[in-house]
Amino acid sequence: MWDKKWVIGNWKMNGQLQNNNALVHKLRSLPKMDNVCIGISPPTVYLSQVHNAVKIVLENKIHTCAQDVSRFNGSGAYTGEVSAEMMKDVGVDIVLIGHSERSLYFNEKNDVQRHKIENVLNVGLTPLLCVGESIKEREDGREKEAVAYQLSVFKGLKTKHFAVAYEPVWAIGTGKVATKEQIADMHDFIYNEILSLCGEDANIRILYGGSVNDKNAAEIFTVPHVDGALVGGASLKYESFTAIIQAAQDA
Ligand code: PEP
């Protein structure tokens, strides 16, 4: 998976048993996409449903991804929380951490994200950290400073295997995509920043996220250091999600 383009669908707080089932069953019969690591990130309550539907041998392995995880590990008196151990138990492979909607609505900061990354790594799952500047930070010319601060959660981490999604906050769910130049500039920056934090031998994937769809994916995948896409809205429809997967396959 570390030499493929990743296409991860973040369903956010969308889906119900019946339509999840229909979408996942269609995805199960996708022709072989051997250059792509495909993932689906449903709401926590549907993780088992998705995992059970994709765990059989398919043309493509479809990874089960969680949208978040508790900062507490194991088990205990933490009402409402779901630990990394529990995620692993139900078949999760990859865990999103620090999505900007988590910071926006739940005030999640670097220290909490660091705990979550460690918990995920400790049980052998793969963290996918989301980073990205706000519109104000970009207008002020502080996009790299903002992203460098978010990436600093990796400092001193023992693992060399993890993924990052660069998601400018102003491009998420807005239909506004960063330009190829902006994406190239930020991905190059993130790549070098990670190597300097974690060592030259870090095995990483850097995805772009922010209004990726079936029309713009192919062009985004031509940008250096773009190793895939984290897809929100367009992952909810079979046609658009599979068109993005196909674009990754052809890239
Ligand atoms: C996301 O949820 O991470 C995302 C990028 O959403 P969208 O594709 O809808 O902008």
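Each residue, glycine too, has its Cβ placed from N, Cα and C.
It should be emphasised that the depicted structure is a prediction, and the values quoted were computed from it without experimental measurement.
TrEMBL has this to say about the protein:
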ACT_SITE  H99  active site, electrophile
ACT_SITE  E167  active site, proton acceptor
BINDING   N10, W11, K12, G173, S211, G232, G233  substrate binding site
Taking 8 Å from the centroid of the Cβ atoms of N10, W11, K12, G173, S211, G232, G233 as the cut-off, which other residues in that chain fall inside it around the substrate site?
I172, V231, A234, S235, L236
A 10 Å Cα radius around the residue listed as 'active site, electrophile' captures, of the recorded positions E167, G173, G233, exactly E167
Within 10 Å of the Cβ of G173 (substrate binding site), how many other Cβ atoms can you find? Include all protein chains, please.
12
Which chain-mates of G232 (substrate binding site) that are at least 6 residues away have a CB under 8 A from its CB, listed by sequence?
N10, K12, I172, G173, G209
Using all protein chains in view, find how many other C-beta atoms are within 10 Å of the C-beta of W11 (substrate binding site).
21
W11 (substrate binding site) to the residue listed as 'active site, proton acceptor', Cα to Cα, whole Å, comes out at 15
